[in-house]
Structure formats: C-alpha cells, structure tokens
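Visitor: Let me begin by handing over the structure; questions about it come next.
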Amino acid sequence: MGTSGFIKCNIMFRNYFRTAWRNLLNNKVFSAINIGGLAIGIAACLVILQYVGFETSYDRFHVNSDNICRVTKQFYQEGVLADHSAMTYTANAPAMKAAFPEVIGATTVSYVYGSAVMSYENVKFNEEAVLFADSAFLSVFTFPLLKGEKNILKEPHVAFLTQSTARKYFGKADPLGKVIWLNKEQYYTVKGILKDVPANSHIKFDFVLSAKYDRNWNNYDYYTYLQLAPGTNVKALEAKFGTFVKNNGMDSVETKFKLQALNDIHLHSNIRNEIEVNGNVRSVYFLLTIAAFILAIAWVNYINLSTAKANKRAREIGVRKVVGAGKGQLVKQFLTESFMINIIAAVLAALLLVFVLPYYKQLTGRPLWVGGKAAYWFVFIAVFLSGAFLSGLYPALVLSSFKPVFVLKGVSKSPGGQLMRKTLVTIQFAASVILLIGTFTVFHQLQYMRSQDLGMNMEQVLVVIGPKTIDNSKIKAFRNEMSRQKDVSGVCVSSNVPGKEIWSANPALRLGQEEKEGVNVKRIILDQEFIRTFKIPLIAGRNISENGTADIRDAVMLNEAACRALGFRNPEAAINERIVTQGDTLNVVGVLKNYHQVSLQKNIEPIVFTMGGSYNNFFSMKINTRNLDNIMRSVKTTYAGFFPDDPIEFFFLDDFFNRQYQADQQLGSIFLCFACLAILIACLGLFGLASFTITQRTKEIGVRKVLGASVGNIVLLLSGEFLKLVLISFVIALPLAAYVMHLWLQDFAYRVTLAWWIFVLSGGIALLIAALTVSFQAVKSALANPVNSLKKE
C-alpha cells in the first residue's frame with residue numbers, strides 16, 4: 001500500500017469512527033443498554049476466568065511438572081477394587097527408581113499427624129503444615145530456595161522454613177543456624193529458607209524437616225512422587241508394575257500401584273488420604289459454561305437491538321448507497337460500531353473489576369490469580385474479538401442489505417429479523433433458566449446434607465486439641481477435672497472426631513480367615529465416654545469399659561458398616577467373635593449404629609473402635625453455651641495447668657464439620673451471583689427490545705384504543721408475544737438443566753433427587769421478571785393518549 005492509499009484508508013476509518021460515535025450519542029438508551037450489558041457480561045466472565053485459571057494452574061509452577069507423577073495404591077478384594085489411596089510405602093521411591101530406568105528422580109514425603117508444637121526458645125505455636133521429606137524433595141519439586149543449599153536436606157536434623165514462618169519465629173534476625181524443637185522432643189537446625197508455598201500447590205507446608213525413612217513394605221502412610229524422563233509413556237510404565245509388585249512380595253494381598261500426573265491431582269483426583277480437599281473439574285466446566293452463557297447473552301442483546309432498530313436507520317443506509325457506498329463499506333462501518341461498543345464495554349468491565357475484586361476471595365474462597373501462560377490470555381482475547389466480530393457481523397449484513405429504492409420511499413423491513421430476534425431472546429432466557437435451576441439445586445443439596453441425621457450429636461461440643469506429649473495419667477486427670485465442671489455434661493478423649501477423615505485404613509479379618517479375605521477398616525482409639533458424649537446409639541452388645549485391663553487390651557466395637565464388611569449376618573452375631581487387625585486379636589464387645597464420620601459426599605466406611613494405645617489427639621466436651629465465657633476461661637486455665645508446654649487450640653465441632661461443605665457453599669454462591677447477572681443482562685435486552693417494538697406499534701395501539709380496547713387488553717397483547725418466548729425457553733432449558741445437574745449430583749454419595757418444584761420455581765421467576773420488564777413498557781404505552789399517536793394520520 002502506497003502513501004496515498006494509507007492516507008485514504010486512514011481517512012476512511014476516521015470517518016467510520018466519527019459516524020459510529022455519532023450514532024452512539026444519537027441512540028443513548030440503546031447504546032447504554034448494549035454497553036451496560038456487555039460490561040457486566042465481560043466483568044462476570046473475567047471473574048469466572050480468575051477462578052478457572054487458578055484451579056487449572058495447580059502445581060504447574062514446578063519446572064518439571066509435566067514429568068512428575070504421584071504413585072497411588074489400589075487394594076483389590078476378590079478382583080473388586082476395595083480401596084484407592086494416595087498413600088504408599090517408604091520403600092516405593094527407592095525401589096521404583098532402581099527398577100525402572102524411566103524414573104530419573106523419586107522422593108518420599110509425609111506430614112506430622114494432626115499438629116505439632118514447634119518452638120524456639122520461648123516462642124511456640126501449634127503447627128499443622130509440618131512436612132517430613134527425604135533428600136530428593138527439592139530436586140524433584142521447584143520450591144525456590146532463598147537461603148541455604150538444597151542438598152543439605154540429606155543431613156539429619158535439618159529444617160527448612162518458609163519466609164513467613166521464619167519471620168513468625170525469628171522476626172528480623174537471621175534464622176540460619178538457629179535450633180527449633182518439635183514437640184520438645186526432637187531438635188532441628190535451620191539450614192535454609194524457602195519462598196512461601198504458592199496457593200496453587202497441593203503440597204503445602206511451613207516447615208520441611210529432613211527425614212531418614214526406614215525403607216520397607218510395612219511402613220505405610222507416605223506420599224511417593226516420581227520424576228519421569230521426558231517422553232515417557234506412562235501407561236507402558238504402569239504395565240510393568242504388576243511384575244514389580246510380585247518381585248517385592250505383595251501379590252498375595254492384591255495390591256496395584258498407579259500413576260497420577262501431578263498436574264491432574266487437584267481437579268481429577270478424589271481418592272482416600274488426599275493431602276488437601278481437592279477441586280472438582282465438573283465445577284470448573286460448569287463455571288466456564290456460565291461464563292460463555294453470560295457473554296453470549298450480552299452479545300445476543302447487541303444483535304437483537306441492532307437489528308430491531310434497523311428500520312430507524314434505513315433512510316441513512318439508503319442515502320449512503322445512493323451516494324456510492326458499497327455493501328462492503330457499510331459492513332465495515334457497522335463492524336466499527338460493534339468493536340467500539342465492545343471496547344468501551346471492556347474498559348467499563350475493567351473498572352467494575354476494581355470494585356468487585358476486593359470481594360472476590362469472600363465469594364470464591366480463592367486468592368486473586370494474576371499468573372498464567374500467555375496462551376491463556378491469548379485464548380480469552382481471541383474469544384472476545386471473535387465474539388465482537390460475530391455479534392456485529394449479522395446486524396451489519398442485515399443493515400447493508402437494504403435496497404435504497406425502497407427505504408427512501410419509507411418501505412423497509414429487516415429481512416428475517418423477527419424470527420432471528422425471537423430465537424435469540426429464547427436462547428437468552430433458556431440460559432438464564434438453566435443457571436437458576438443450577439443455583440436452586442446446589443442449595444437444595446447443601447440444605448439436604450446439613451439437615452440429615454448424622455447418627456450422632458455434635459451440637460454444643462467444644463473440641464480441644466490434645467497435648468503432643470503422651471502422658472495418659474495427665475490426660476485422664478484433665479478429662480476428669482473438666483467433667484466435674486458444672487457447665488460440662490460430658491467429656492471424652494479420642495484419636496479422631498467427626499468431620500476429620502481417618503487417614504489410616506488397615507486390613508481386618510475374622511479369626512481363622514485367610515489374609516486375602518481381609519477388608520480395609522478405619523480405626524478410632526477412644527475412651528468409654530465417647531459414645532455417651534456424641535450420643536451414638538449402641539445397637540448390640542455393650543460399651544467399652546475402662547474398669548479392668550481386659551477391655552483396654554483386646555476389646556473392640558464395630559460400626560454397622562464394619563459388621564457387614566466382616567461378614568456377620570447381623571449385629572448380634574458379631575458379639576464375642578474375634579477379629580484380627582494390625583497384628584492384634586480383638587474381641588467384639590459391641591456394635592454401634594452407623595454415623596457419618598465425614599460429610600455426606602462420601603459413603604459411611606467400616607470403622608473399628610478400640611481403647612489401647614495413644615488416644616490423646618482430641619478432648620471433646622459437651623458444654624452449656626449459655627455460660628460460654630466462664631467455661632472457656634475454665635478450659636484455658638485448666639489446660640495450661642496440666643499441659644504448660646502446649647499452646648491450647650480448640651474449635652466448635654459443628655462449625656468444623658460444616659467446613660467440609662464450604663466449597664459447595666461457595667459454588668452455590670457463585671451460581672446465584674451469576675444467575676442474577678445473566679437475568680439482569682437478559683432483562684436489559686428485553687427492556688430495550690420491548691421498548692423499541694412497542695414504539696413501532698404506537699399507531700396500532702392508538703387505533704385499538706379508539707376502537708374500544710382496554711388497558712388490560714393492550715398490555716396482554718404487547719406482553720403476550722414476549723412471555724410466550726420465555727415459556728418456550730423454559731421448555732428448552734428443562735432437559736438440559738436436568739442432565740447437567742444430574743452429572744453434578746453424582747459426586748455425592750447421599751444426594752437429593754431433582755425436585756419438580758425447582759424447575760417450576762426457576763421458570764416462574766424467569767417468567768415473572770420478564771413480565772415485569774415488558775409490562776412496564778406495555779402499561780406506559782397503553783395509558784398514553786391515542787390522539788398523540790394518530791394526530792399525524
């Protein structure tokens with residue numbers, strides 16, 4: 001293109017811009033509706049993409065993330081998968097690295113169980129994020145080291161701290177060389193400082209402590225990660241694991257090892273013993289669908305309103321064609337308008353985000369995500385530009401197709417416009433109804449889970465985390481002291497509490513059965529007050545007793561699930577039978593009614609209850625909350641008297657249990673928020689479309705009023721056409737929403753059925769909002785004086 005061509009092109013586009021800007025100012029209401037709807041849609045879409053971007057970015061910051069896998073363990077019983085756990089053995093990492101040349105790195109990690117008291121001089125805190133790791137940990141994973149050398153982790157009694165943890169314990173002092181203590185029993189010298197762990201890491205920690213593991217096939221409860229050579233065929237490698245299992249003597253218990261890609265763990269894994277509660281890939285897909293719906297609804301508004309006001313611009317188009325404008329030039333003109341509106345909307349959307357983002361974490365429970373690959377943003381920009389182009393192309397083609405000989409005579413119609421506009425309005429409201437049904441279904445499921453009988457009572461239960469040093473005499477003394485308080489009606493001590501997953505599962509079998517007949521059971525160590533404090537019904541036999549040594553040594557209670565899994569025909573048949581688990585032969589003294597140890601997302605698992613061993617993890621107290629301040633002072637004072645070296649930590653059990661539903665609660669809030677936005681955008685479009693359509697029929701309305709039509713008749717006439725479209729949208733949305741929410745509900749072991757009232761309520765809300773939106777314009781037009789509309793005739 002020469003200089004003159006460039007100048008002509010520049011002049012042409014400046015003319016397009018001026019004309020587009022003038023048209024925006026001349027149609028302020030329609031421009032405001034278009035820009036407002038698009039701004040809300042783009043802002044909502046960006047908020048959702050923040051969430052989706054964060055969820056899909058998990059663990060991808062590691063340099064070798066594409067080549068890192070986690071080893072998981074499957075246990076089969078008579079050829080049927082009985083258990084799938086994220087935990088493996090201490091022997092897995094070195095044995096797999098030695099056996100398979102594809103494995104170029106392997107590491108074993110584990111967490112302190114529950115929490116630990118970490119201390120430096122007089123500074124001490126209860127800490128949960130304490131990680132034990134072998135020497136390969138910082139070679140396999142990319143956790144940036146700010147001070148120290150990563151190979152020092154191979155030395156014993158070495159600690160690496162994160163930045164924020166170092167400040168917490170040492171302030172501005174240099175932490176290197178300082179000695180910290182774990183539970184006042186083991187010392188570790190600080191040899192390195194790590195950058196704080198990113199929020200999008202499934203492995204989170206504040207401390208990394210060097211561990212020298214006893215590598216064997218008996219030590220369970222550890223996580224194994226392998227770094228594979230680039231280009232490794234994971235399926236082919238897994239196929240070799242069968243021989244590996246046999247060579248290591250585990251074929252008798254039907255064990256299989258599987259590999260999980262590191263990048264897939266957060267969204268695609270939901271097996272036992274996950275390090276943290278993982279995300280849900282279906283929720284991500286649902287939110288992406290919502291983002292697409294909202295943006296599509298906004299673009300549909302533009303298409304509808306642009307084609308609806310085609311007749312108003314017909315004379316302008318006719319004049320342009322007469323003076324020589326070709327169809328191509330007109331298409332460019334109208335596309336310029338489309339891009340101008342979309343760009344203005346995008347700027348306003350950015351301003352909206354400034355106000356919305358402070359509430360983002362509260363709504364989603366996720367931090368702001370500003371990272372990501374350039375390809376991620378490229379895709380978004382490409383989608384935005386494509387949408388702006390396509391939403392402007394159809395109106396441009398419609399408007400540029402007018403014949404000047406007709407439009408200058410005042411005869412013009414938008415070809416096929418009526419059908420297209422009706423179709424698009426129907427799609428808008430179908431999308432809105434789907435979002436409403438989704439919102440009500442999510443909250444219905446949440447309400448169902450929270451209202452179900454859990455099989456135990458956790459109201460007004462205060463849980464105090466037990467001391468880290470094991471002293472059974474002090475533990476019993478503290479329990480007995482608290483049970484004498486007038487506002488405490490029951491106290492028990494246990495290794496676990498409802499709402500906390502039991503990590504370990506071990507094979508159990510009836511005495512005399514072969515090892516292969518064993519079933520995996522969870523185990524809770526407790527005292528005799530446990531079932532009384534939580535009001536768990538005993539359906540056969542008796543409670544465990546602390547009087548005498550027999551029960552402490554070999555008594556066991558089962559829940560109903562364990563009773564069935566072990567093959568007893570009924571609870572009574574299990575009493576006085578003997579079972580074997582973890583090398584102990586135990587006598588069944590009682591069977592408890594099933595209760596939900598964790599949320600209703602999961603099935604009730606087999607659990608055995610014993611008294612032997614250490615059970616000091618949790619004190620659970622049934623208290624009178626009317627005197628909460630007094631009882632809390634008493635608890636803190638008494639605890640400090642018995643356990644002066646342990647900072648007190650406590651929580652209320654009902655709050656703790658309900659935290660398991662937090663992610664679903666957040667999903668419901670997101671659905672509700674964006675369903676409202678979708679309806680708002682759709683109603684903005686419907687308001688503009690109804691306003692324009694009614695304006696076009698002003699003379700018709702005047703004639704009808706002169707001929708005796710009532711206000712009600714006219715309102716029904718004008719509103720009926722739009723309300724029919726909303727009813728059609730409901731019919732379209734119903735099967736789609738039912739299918740999508742059926743998929744979502746499959747993630748719950750205990751779930752609601754899709755209730756008919758949710759569909760009726762969602763359709764009714766959409767119909768009511770549409771009726772109010774259209775009726776406002778219809779009533780205004782019906783009340784107008786017909787003389788004003790007919791005086792020119």
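Placed from the backbone N, Cα and C atoms, the Cβ positions cover glycine too.
From TrEMBL, here are the annotated features:
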type: TRANSMEM; residues: 29-52; note: transmembrane segment
type: DOMAIN; residues: 31-241; note: domain 'MacB-like periplasmic core'
type: TRANSMEM; residues: 284-305; note: transmembrane segment
type: DOMAIN; residues: 289-400; note: domain 'ABC3 transporter permease C-terminal'
type: TRANSMEM; residues: 339-360; note: transmembrane segment
type: TRANSMEM; residues: 375-402; note: transmembrane segment
type: TRANSMEM; residues: 423-443; note: transmembrane segment
type: TRANSMEM; residues: 667-694; note: transmembrane segment
type: DOMAIN; residues: 673-779; note: domain 'ABC3 transporter permease C-terminal'
type: TRANSMEM; residues: 754-776; note: transmembrane segment
Visitor: Short question: which residues 6 or more past the ends of the transmembrane segment (339-360) have a Cβ under 8 Å from it?
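Guide: Distal contacts: 17, 20-21, 24, 31, 34-36, 38-43, 46-47, 50, 298, 302, 366, 368, 384, 387-389, 391-392.
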Visitor: Give residue numbers and ranges for long-range contacts of the transmembrane segment (754-776): same chain, 6 or more residues beyond its ends, CB-CB under 8 A.
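Guide: Distant contacts of the transmembrane segment (754-776): 429, 432-433, 436-437, 440-441, 444, 679, 683, 686-687, 690, 715, 718-719, 722-723, 726-727, 729-730, 733-734, 737-738, 741-742, 745.
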Visitor: Sequence-remote contacts (6 or more beyond its ends) of the transmembrane segment (667-694), Cβ cut-off under 8 Å?
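Guide: Distal contacts: 29-30, 33-34, 36-37, 40-41, 44, 48, 51, 283, 286-287, 290, 293-294, 297-298, 300-301, 304-305, 308-309, 363-364, 421, 425, 428-429, 431-432, 435-436, 438-439, 442-443, 446, 701, 718, 722, 765-766, 769-770, 773-774, 776-778, 781.
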